[in-house]
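Annotated in TrEMBL:
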type	residues	note
TRANSMEM	65-88	transmembrane segment
TRANSMEM	100-119	transmembrane segment
TRANSMEM	131-151	transmembrane segment
TRANSMEM	221-244	transmembrane segment
TRANSMEM	278-299	transmembrane segment
TRANSMEM	319-338	transmembrane segment
TRANSMEM	350-370	transmembrane segment
TRANSMEM	382-406	transmembrane segment
TRANSMEM	418-441	transmembrane segment
TRANSMEM	453-475	transmembrane segment
Amino acid sequence: MSVTLPLSTREDEPFIDARISAGNGDTLAIEMEEGTSTWTSSGGNSRKKNSRLKCFGVDLSPDNVAVAMVYFVQGVLGLAKLAVSFYLKDDLHLDPAETAVITGFSALPWLVKPLYGFISDSIPLFGYRRRSYLVLSGLLGALSWILMATFVDGKYGAAFCILLSSFSVAFSDVVVDSMVVERARGESQSVSGSLQSLCWGSSAFGGIVSSYFSGSLVDAYGVRFVFGVTALLPLITSAVAVLVKEQRVLGPARVSNVLFVNSSFLESSKENIIQLWIAFRQPHVFLPTVFIFLWQATPHSDSAMFFFTTNKLGFTPEFLGRVKLVTSVASLVGVGLYNGFLKYVPLRKIFLATTIAGSVLGMTQVFLVTGLNRQFGMSDEWFAIGDSLILTVLSQASFMPVLVLAAKLCPEGMEATLFATLMSISNGGSVLGGLIGAGMTKVFGVTRYKFDNLAALIILCNLTSLLPLPLLCLLPRDDSDTATKVKM
């Protein structure tokens, strides 16, 4: 099991940080000017013109609250994660490889995030490029879970609904990412890291809120009930859209008028693609992107381990919900660890240390598979909780630099598009890793009830996570934490 953060969780994925002091005694503030949020930095004697509550060092302006709530929804949607896993395993009787394929297939919407950026930037919906698409995303997400709770009874229908839910989350993610990147552009690594911490801290908190009930509700009421409850959660994304401060765009505002602006849309899209290609060809963007893709593309054995813990060890949905609660807290700890200590550490050192540590600690799953933990007097349940806690903290702390690096690579004027492209490439690597893991699971003969070669599969997956390390030289050398800030 590599330390790559799974999509969900966001995929991807995932599934971001706030801002804190930029240097010695520096403070950061948000000014509201003409209806837009502007970040200003000043020395130790400066003051904030508008005093607000802060989280992870970020002022909780309406825009930032909206961003945090969207990420909170991404985390709280984990309520259905265990229900989906048990539905695929017990109701549809799929094997580990098929489950891994459906999981990878559901991540496809995260691979075309730049397309959502083009649509959002070029086609204002009802006069807005942000608000309207957040509302639409929430409605589509609610629809997908309603279908899962009522009509779906086959693997293809389940795959479609999971895909639709993933699409709704991915589209809303692009919208709020554009807001985050606008604030992170030109900032130092620590400030950009703080922005990412707010978002992923919100997502982790959402995971904590939903984690325990994700298992106990499956045990008590069944998967369909959980799907029905989950259908209410995306509506939060629709509701918080009103907090986004956005000027109404002049010109065509209704979807019915899009047909009349096709030429301008195509022209705008062509120009955006050309700008994207020019930016992406630059070595300081292209080379780190290659590393991110390969770092995410290492295989993992998560599906096989889920079948082993439920079919072999007899872990119940309620217990797995408790494990999920622990990992959700651990994810928040990982965000805090990065925000408090690691955001000042050069990115190369973070990737090197967390990858090696993750590979070594990931091997401990072999203890659970072979039963060695019981020989040391530790039950399977306690070992699984401890192992998951440590690996999740490390996984989250190692994934934060990916987001920070992607935000720092974005030039002014195309933040949303390039950031979405970079994250799509990262998600593509994660999907490829999952599919490779599914193929390896098949090759090693791991099925619903046969786990003879699972230990070898785990060892190989963890060793492959070390392969991208020789390419650390592709990452940019870290600049000083006193980077000049670009006023937005």
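Glycine residues also receive a Cβ, built from the backbone N, Cα and C atoms like all the rest.
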### Of 65-88, 100-119, 221-244, 350-370, whichever stretch has the most CB pairs under 8 A to the transmembrane segment (319-338)
65-88
### Leading stretch by Cβ pairs under 8 Å, where the reference is the transmembrane segment (131-151) and the options are 65-88, 100-119, 221-244, 278-299, 418-441
221-244
### Outside the transmembrane segment (278-299), six or more residues from its ends: residues with CB under 8 Å to it
2, 4, 351, 355, 402, 405-406, 409, 411, 414, 418, 421-422, 425-430, 432-434, 436-437, 440, 460-461, 464-465, 467-468, 471-472, 474-476
### Query
In the same chain, who gets a Cβ under 8 Å from the transmembrane segment (221-244) while lying at least 6 residues past its ends?
62-63, 65-66, 69-70, 72-73, 76-77, 79-80, 83-84, 86-87, 91, 130-132, 134-146, 148-150, 165, 168-169, 172, 179, 214
